[in-house]
Amino acid sequence: MGFSGVVPLLISLHAGALVDERGPVMATKGSVLLYALAGAILTALHAVWAAALAYALMGIANIGFAVASQAVVAAASTPTTRVRNYGYYSLWNSAGAVIGPVLGGFITGHFGYRTAFALVWLLMIPSFAIAGSLRGLPAVPGRTLSLATAHRLTGTILRQRGVGAILFISFMVVCGQTLQQSFYPLYLHKVGLSPSLIGIIIATISLGSMVVRSFLSRGVEWLGYGRLLLGATALLAVTLGIIPLLRHFWPLIVVSGFMGASLGFTQPLTMSLMVESVSAEFWGVAFGIRQGAQRVGAILSPIGFGLVTTASRVESAFFLGGATLLAALPIIASVTAHLRRPRRTT
């Protein structure tokens, strides 16, 4: 599992450069092939080295597909449809995150791990065909970047107005999200909830994200990017901070729904803002940098909050997580003050 977490961090920048050099469609197809290869390895071979190799390939495929698919959405959108399209893109991601574990658990329980792993590469067959159908996307002019020059562009992109703010918000939100993913089930078990109730509560988070992503563009029209991002981050801070005060099923369900709603807004909004802040020929590298910032947060968050949990208790980790996000709100407010509402479609 460590390979699947660390490898994407190491290659995120160059994955973005590959998208800019070869195009998002080519990178998407390559990622699908890597997923298929990893699934085939897990199906055929049963050894530690094979599992490590397969998860490393999945990590590479995951970061490549994330960057490429976000660039595909950017290329297929206009300024007036971009927010809406990223909302739908994130909605389908959430749907996959809900269905995948349920389907995988059912198949594993009835047919075994080998069949579940075989399903990975079988699903990649239609996925590759769908990726090939994306050839009609408009080309991005001036695509002169290469893997060798990717690291030189980092400073240029970071100096663009708004990019630093986007990375900071992405990092902070992922820290909060990883806190929830790592320690929320532990807390729910600690307060005495059954595994089935814990599963329902965790699923409510994904459901909350799915619901609000359908209304993302309308929320931006009403409030603008800055207020919506600030409000969503504040909501995440509050929900994390009050978790230790709740011990019963229904209050935890409500808090989980609001937590999912906050996460449902922040991620697609930062994707759309990155596209607006960077020239089209730099989209791939910019998304790679954003993915790198998120991976750093996903690695540091469980380490830091794990130390807090070990030294004190899991409740302290949630109090600290909520307080940290609340402390970041003035910074987020200052760096998002210039963000505008998108033009209304007619």
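Using N, Cα and C of the backbone, Cβ positions are placed for all residues, glycine too.
These features come from TrEMBL:
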type	residues	note
DOMAIN	1-340	domain 'Major facilitator superfamily (MFS) profile'
TRANSMEM	32-49	transmembrane segment
TRANSMEM	55-76	transmembrane segment
TRANSMEM	88-107	transmembrane segment
TRANSMEM	113-134	transmembrane segment
TRANSMEM	162-184	transmembrane segment
TRANSMEM	196-216	transmembrane segment
TRANSMEM	228-246	transmembrane segment
TRANSMEM	318-339	transmembrane segment
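Residues 161-162, 164-165, 168-169, 172, 175-176, 179, 183, 187, 224-226, 229-230, 233-234, 236-244, 273, 305, 308 of the same chain sit 6 or more residues outside the transmembrane segment (318-339) yet have a Cβ under 8 Å from a Cβ within it. Among 32-49, 55-76, 113-134, 196-216, 228-246, 196-216 has the largest number of CB pairs under 8 A with the transmembrane segment (88-107).
32-49 is the stretch from 32-49, 55-76, 196-216, 228-246 with the greatest number of Cβ pairs below 8 Å to the transmembrane segment (113-134). Confidence across the domain 'Major facilitator superfamily (MFS) profile' (1-340), taken as the mean pLDDT and rounded to a whole number, stands at 87.
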